[in-house]
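Enquirer: Dropping the structure in here first, questions after.
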Ligand SMILES: O=C(O)c1cc(=O)[nH]c(=O)n1[C@@H]1O[C@H](COP(=O)(O)O)[C@@H](O)[C@H]1O
């Protein structure tokens, strides 16, 4: 990845997605397309975005039995994404099978604890301990499964990297100082997340909802 900043193009509107990507393209290392975009535009939408010639991070957060996830990853192969996500909580076999089904060169990363969750949220779904411990537990499982890395918040990435020096670390929940948290609970600034060891920084609304997305991306890039 030449530039660490990936912009999350979270919109169902294909034209808006193309316009956003075109505006920020000189300041980002790639674009992240997630569930909102994919449910609205499917594989043909991803192909349209790929025509912009930026690496595609296809963030579908797959989480199912190993056979189903492997077949889903196989179905995504023709799109040749640079990065795809599965939920690490799907277990070791699921991650192993996802990696085996992924195209050559595609990084498979395991989402650990969503950045929108804090310790109370974990307790509510029956997960004991704090997010930090849970991220490290799932990072170990992801490493054992042979996938490429994990998704975690900036608050855990330093410790996760110590556990897994060769890992690839995707960090969302990234907020420039003073910007709106929205639904994010575990956050960090872009610079601090990069210093802590992030391989890729995912930033959505601070760029896409800005009056001038190009200027917002440029300002973030300048801090890196
Ligand atoms: O896998 C992700 O990218 C992801 C994991 C996570 O724990 N938290 C998280 O926010 N994300 C994604 O990162 C993006 C964050 O968007 P903003 O909060 O608008 O910057 C969204 O597209 C989320 O789907």
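Keep in mind that glycine also has a Cβ here, set from the backbone N, Cα and C atoms.
Taken from TrEMBL, the feature active site, proton donor applies to 61. The feature substrate binding site is assigned by TrEMBL to 10, 32, 59-68, 115, 175, 184, 204-205. According to TrEMBL, the feature domain 'Orotidine 5'-phosphate decarboxylase' maps to 4-220.
Map these features onto the structure and tell me what's around them.
Expert: Its own atom aside, the Cβ of residue 61 (active site, proton donor) has 15 Cβ atoms within 10 angstroms in the protein chains shown.
DSSP gives residue 61 (active site, proton donor) a strand state.
When averaged over the domain 'Orotidine 5'-phosphate decarboxylase' (4-220), pLDDT in the model lands at 97.
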Enquirer: For ligand 1, which among the binding-site residues 60, 63, 66 have a CB under 6 Å from it?
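Expert: The qualifying binding-site residues: none of them.
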Enquirer: Check each residue in the chain of residue 115 (substrate binding site) that is at least six apart in sequence and keep those whose C-beta is under 8 Å from its C-beta; list them in sequence order.
Expert: 152, 153, 172, 173, 184, 185, 186, 187
Enquirer: Cα-Cα, whole number of Å: residue 10 (substrate binding site) versus residue 61 (active site, proton donor)?
Expert: 14
